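Notes for the one structure printed next.
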Amino acid sequence: MSDVRNVIIIGSGPAGYTAALYTARASLKPLVFEGAVTAGGALMNTTEVENFPGFQDGIMGPELMDNMRAQAERFGAELIPDDVVAVDLSGEIKTVTDTAGTVHRAKAVIVTTGSQHRKLGLPNEDALSGRGVSWCATCDGFFFKDQDIAVIGGGDTAMEEATFLSRFAKSVTIVHRRDTLRASKAMQERAFADPKISFVWDSEVAEVQGDQKLAGLKLRNVKTGELSDLPVTGLFIAIGHDPRTELFKGQLDLDPEGYLKVDAPSTRTNLTGVFGAGDVVDHTYRQAITAAGTGCSAAVDAEPFLAALSDEDKAEPEKTAV
C-alpha cells in the first residue's frame, strides 16, 4: 500500500491533463492514471483539431494531448498509463486500486474518465475510424467537403450533426431505424427544411464497406429485411454516448443517463473530496475546450479542500506521554 497522496486523478484527456497541470503547479504532486488503452482520451482518435484556441493552423489530436501531457509532467505530475479497477471513495482517505492490485491512497480524487461514443458494433467500424467513419461532426466535418455523407441516428444529436455537415457536404443522408424521429420538433423542422438532407427510414446499417477507406454502406430495412447499398464516403454515427462511470456505481451519484452528478457550478460530487470533470459529467457540449475548463475547475475546487485538511492537521494538539 502506498503513502497517502494529496490527489489522484482517474482519467486523462483535456480534463485530466488540465487538472494535473493545475494541481501540479499548486505543488500537490498529483498521481494520474491515464488509462492503459484510452490514455489521452478521445482526441487520440481524431485527426486535425482546428477549434482548440491557440493553434491558428490547427493541431493533430494526438499531438495536442502529448503537449498537454508533457506540460503537466513538467510541473511534477506523475503519469501512469494504467487503468483503475476498483475504488473506495467513502472515507477521508480514498483508495484506488490499479491493474496490478496495488492500492494507492489519497486525500482527494478527481474523476475525468470521459465518455465513449456508442458504436454500431459492426466488424469494419473501428478499422475505418478516421478513414471515413467518425463520431464527431464538429471535429471532422470540414474534411468531407463536397462529399456524400450518411448520419446514423434519430435524436437531437443526429439532427445537429446532419445540419452542421450540410454546410460542407454535397449531400447528407440520415438513416434511422424507425419511421419517426426522436429529435425535438425544432431540430426536426431544421433538418426537414435543409435541401441537402434526405432520409432513409426503417433502416439500419448492416455493413460498413471499404478497405483502406470508407466506400459505402449496406442498409437493411428492419421491417422487410431488404438490403440496399448507400454509396457514401463519410459516415457519422450519432446514436448517443455512454459515460465511463461503471467503476463508481454505488458510491457516486449518477444522473438517469449514467453521467456523474456534480454540485454545479462547482465540480464537487456527493462525496467529500471527490470531484468530477470533463465528458464524464457533460452530456451537452462534449468539446475539448470545455473539458479542459472543467478540469481546471476541479483542480481549483480541490486546492482549498486540501488546504483546509492541512490546516486541521496543524491545529490538532500534540499528544503528551503519560
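Just so it is clear, glycine is given a Cβ too, placed from its N, Cα and C backbone atoms.
The shown structure was predicted, so the numbers you read here are calculated from the model rather than taken from an experiment.
Positions annotated as FAD binding site by Swiss-Prot: 12-15, 34-42, Asn51, Val84, Asp279, 286-289. When other Cβ atoms within 10 Å of the Cβ of Arg286 (NADP(+) binding site) are tallied across all protein chains shown, the result is 19.
Positions annotated as NADP(+) binding site by Swiss-Prot: His176, Arg182, Ile239, Tyr259, Arg286. All protein chains included, Tyr259 (NADP(+) binding site) registers 20 other Cβ atoms within 10 Å of its own Cβ.
The disulfide bond annotation in Swiss-Prot covers Cys136-Cys139.
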Those recorded positions listed as Ala36, Ala39, Ala42, Cys139, Ala288, and which of them has the most Cβ atoms within 10 Å of its own Cβ: Ala288
Listed recorded positions (Ala15, Cys136, Ile239), ranked by Cβ neighbours within 10 Å, top entry: Ala15
Cα-Cα distance maximum in Å, computed over every pair in His176, Arg182, Ile239, Tyr259, Arg286 that the record assigns to NADP(+): 25
Which of His176, Arg182, all binding-site residues, has a Cβ with the fewest other Cβ atoms inside 10 Å: Arg182
Residues that sit under 8 angstroms from Asp279 (FAD binding site) by C-beta distance, when 6+ apart in the chain: Gly13, Ala15, Ala42, Gly114, Ser115, His241, Pro243, Arg286, Ala291
Spatial neighbours of Ser12 (FAD binding site) that are distant in sequence (at least 6 apart) but have CB under 8 A: Val32, Glu34, Gly35, Thr38, Ala39, Gly40, Gly41, Met65, Arg69, Leu79, Thr112
